[in-house]
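Here's the structure, in C-alpha cells; my notes come after.
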Amino acid sequence: MNLSFDRHRRLRSSAVMRDIVRENYVRREDLIYPLFVTEGHNIKNEISSMPGQYQFSLDRLEEEMREVASLKIPAVLLFGIPDNKDAVGSEAYNDEAVLQSAIRMIKAKFPDILVIADTCLCEYTDHGHCGPLDGHGCVLNDESLELLVKTAVSQAKAGADIIAPSNMMDGFVLAIREGLDGAGYWDIPIMSYAVKYASAFYGPFRDAADSAPQSGDRKGYQMDPANSREALREMNSDIKEGADMLIVKPALSYLDITRQVRDNCDLPIVTYNVSGEYSMVKAAAQNGWIDEKRIVMEQLVSMKRAGADMIITYFAKDVANWLKEEA
Ligand code: PBG
C-alpha cells in the first residue's frame, strides 16, 4: 500500500499516549460551587427541580462547607433567600441579612475558601425583577445601580472575597467599582456577569432562589440568545468599567461566545454551567439514559476548550470527588 494520508491514530494508540497529548483539563482548582442560603434553623430543603441541590439555613450550611473544604473546592458562589421581600430589595443591603451572615460564618470557619457574592436584587424584590420598577414594570437602570452599590459594599464589609454583579444594568461595574473603592475595598475584585443571556436555562434556579419575575421577563436587560456581536460590546463595556474577571452565562449553548470572548480579551473567563443545564443531565441520568459522570466531564472540558478558566457548576462536589478517585 502506497497511499499518502495522515496517521492521526498514532497519537490515540494507548491511554498513556492519549494522556501525554491531551490539550485541556478540568481541574479541581477551576471549580466554583453555588450555594443557596435561607433563613431559619436546621433547614436543608432539596430543590425539587435540582435533585442533589439544597437551600441551607446557616447551621446546615456549615456542614455542607465542611464537605466543600474536605474536597478542596476553592470557591463558593452564594445566593441569599430572604423571608421578607419588598419593592426595592432592602434585605440585599442589610448588613444583618442572611447572605451577609453566611459570608461572615464561612470566612470565620473556612478562611481559605474564596467567597463570591452574587450581587443582584431579584431574590430580594417582591416582584422578582433585578431592580426597582417604574410605573410600567420596566427596571430602572440608574436607581438600581445605587442599590447594587449598597449591596456590594455590604457584602464586602461582611468579608466577601469577590463581588459578582449579575443584574445586567448598564454601568453596574463602574458604579460598583467606585462604590467599593470609596468604602476602602479597592482590593476586592469584580467578577462581572458581563455576558448574560435571557435564557430559559435559568428555570430551575428561579425555583431554588424563589426569584421568578411575577410579571414580564428579563429580556429588557439580559441579552438576546440570537446575538453574538452584542456579547463583545458587553464585554468591552465591563472591561472599560474595571471588571477583573468576566462571566459568560449560560455555558453550553454559548461555547461559541466563550471562545469569542477568550479571543478578544485577556481577563480570566468564567462559564456558568446553569441550573437548567444541571437539571437536564440529572433527569436523563436518573432515567438511566446517559452516563452522568462521562457526560458532565465532557461538558466541562468543552467549556475549558472554548476558553474558560473557571467553571461555576452545581456538579462541583461530584467533579472534585471523581478527580480525587482518578488521582
Ligand atoms: C440572578 C441570577 C440568576 C442566575 C444567577 N444569578 C437568575 C436570573 O438571572 O434569572 C441563574 C443561575 C442558574 O440558572 O443556575 N439574577
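Even glycines carry a Cβ here, placed using N, Cα and C.
The Zn(2+) binding site feature in TrEMBL is assigned to CYS120, CYS122, CYS130. What TrEMBL lists as active site, schiff-base intermediate with substrate is LYS196, LYS249. What TrEMBL records for ARG206, ARG218 is 5-aminolevulinate 1 binding site. The Mg(2+) binding site feature in TrEMBL is assigned to GLU234. Taken from TrEMBL, the feature 5-aminolevulinate 2 binding site covers SER275, TYR314.
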Residues among the recorded positions CYS120, CYS122, GLU234, LYS249, SER275, TYR314 that border ligand 1 - Cβ under 6 angstroms, in sequence order: CYS120, CYS122, SER275
When distances run from the Cα of TYR314 (5-aminolevulinate 2 binding site) to each of the recorded positions ARG218, GLU234, LYS249, the nearest one: LYS249
Which recorded positions sit within 10 Å of LYS249 (active site, schiff-base intermediate with substrate) - Cα, from CYS120, CYS122, LYS196, ARG218, GLU234: LYS196
Spatial neighbours, same chain, of SER275 (5-aminolevulinate 2 binding site) - Cβ under 8 Å, 6+ residues apart: SER49, MET50, PHE201, TYR202, GLY203, PRO204, PHE205, ALA208, TYR314
LYS196 (active site, schiff-base intermediate with substrate) and GLU234 (Mg(2+) binding site), distance between Cα atoms, whole Å: 9
Residues within 8 Å of the CYS120, CYS122, CYS130 Cβ centre (excluding the Zn(2+) site residues themselves): GLY89, LEU121, GLU123, TYR124, THR125, HIS129, GLY131, SER166, ASN167, SER211
Cβ atoms near CYS130 (Zn(2+) binding site) (within 10 Å, other residues, all chains): 25
Recorded positions compared (LYS196, ARG218, LYS249) - the one with the fewest other Cβ atoms within 10 Å: ARG218
When distances run from the Cα of ARG218 (5-aminolevulinate 1 binding site) to each of the recorded positions CYS122, CYS130, LYS196, the nearest one: CYS130
Between ARG206 (5-aminolevulinate 1 binding site) and CYS122 (Zn(2+) binding site): CA-CA distance (Å): 9
Rounded distance in angstrom between the Cα atoms of ARG206 (5-aminolevulinate 1 binding site) and CYS130 (Zn(2+) binding site): 12
Surrounding CB atoms that lie within 10 Å of the CB of CYS120 (Zn(2+) binding site), all protein chains: 27
Distance, CYS120 (Zn(2+) binding site) to LYS196 (active site, schiff-base intermediate with substrate) (CA atoms, angstrom): 13
